[in-house]
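According to TrEMBL, the features are:
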- 50-68: transmembrane segment (TRANSMEM)
- 105-130: transmembrane segment (TRANSMEM)
- 136-155: transmembrane segment (TRANSMEM)
- 162-187: transmembrane segment (TRANSMEM)
- 207-229: transmembrane segment (TRANSMEM)
- 236-263: transmembrane segment (TRANSMEM)
Amino acid sequence: MLNFTVLTTLVKNPFYSTTVSSPLEQFEIRNLLSFDAPILGDINLSLTNIGLYLIIGALIILSLNILATNYNKIGSNNWSIGNESLYATIHSIVVNQINETRGQIYFPFIYTLFIFILVNNLIGMVPYSFASTSHFILTFSLSFSIIVGATILGFQNHGLKFFSLFVPAGCPLGLLPLLVLIEFISYLARAISLGLRLAANIVSGHLLLAILSSFTFNIMCGGVLFAILGLLPLSFIIAFCGLEIGISFIQAQVFVVLTSSYIKDALDLH
């Protein structure tokens with residue numbers, strides 16, 4: 001017999017708890033819906049808050065593309081102009097980083113990757129929402145998959161010659177083993193650094209906002225004078241929110257720029 005269990009966190013608030021005792025609590029992964037199927041054995045399927053917001057992000061991306069295409073009008077609209085601007089920006093990145101001819105093959109993947117990261121970054125800026133890209137397990141999964149794919153691409157194009165990527169040009173023979181080891185470790189570290197860079201920037205920004213917001217709230221609750229004095233840090237928080245939105249765009253761009261660079265290394269062995 002199937003057993004459905006809705007956790008109390010979903011009843012209280014399906015998105016986020018309004019009482020935050022720690023700045024790190026906003027990154028906690030919670031089960032929202034648990035599904036037990038004894039017929040299938042010891043299998044437990046659950047919907048977590050990160051899974052919910054990834055679904056929301058996918059729906060937003062789909063909705064934005066539908067609005068951008070706008071089949072009912074021949075002319076362009078604001079959504080289509082914005083989408084075309086993103087398209088042109090990512091296309092120029094791919095062409096400049098990889099190649100004008102071969103880069104076209106990988107453009108759909110790079111563009112989808114950029115939109116996915118950007119939308120999830122911006123969702124995390126909504127109050128009481130959840131920042132999916134703040135979790136290293138998600139960003140590492142993306143970066144690890146990209147490095148594995150680039151490695152497979154390199155072997156497909158060059159075979160064993162792909163290992164020449166780890167040999168620096170003009171390297172003295174005596175230093176060759178050491179430098180090859182360093183280059184190999186550096187290549188493996190890409191799978192960690194690519195995802196860690198994105199997650200660390202998102203986490204640090206959200207932590208700073210949470211700390212400053214709590215500090216400002218405590219000041220403004222101290223009376224009329226303190227409420228007036230609290231307007232200064234409040235204005236700083238508003239300005240920092242704008243900076244965080246800009247960082248959301250920048251980190252998505254940095255991620256696809258490095259991804260394009262790694263693909264270029266696999267194709268050209270540079």
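Residue positions begin at 1 at the first shown residue.
Even glycines carry a Cβ here, placed using N, Cα and C.
Counting Cβ pairs under 8 Å to the transmembrane segment (236-263), the top-ranked stretch among 50-68, 105-130, 162-187 is 105-130. Residues 13, 15-16, 18, 26, 49-50, 52-54, 56-57, 60-61, 64, 86-87, 90-91, 93-94, 98, 142, 198, 202, 206, 241, 244-245, 247-249, 251-253, 255-256, 259-260, 263 of the same chain sit 6 or more residues outside the transmembrane segment (105-130) yet have a Cβ under 8 Å from a Cβ within it.
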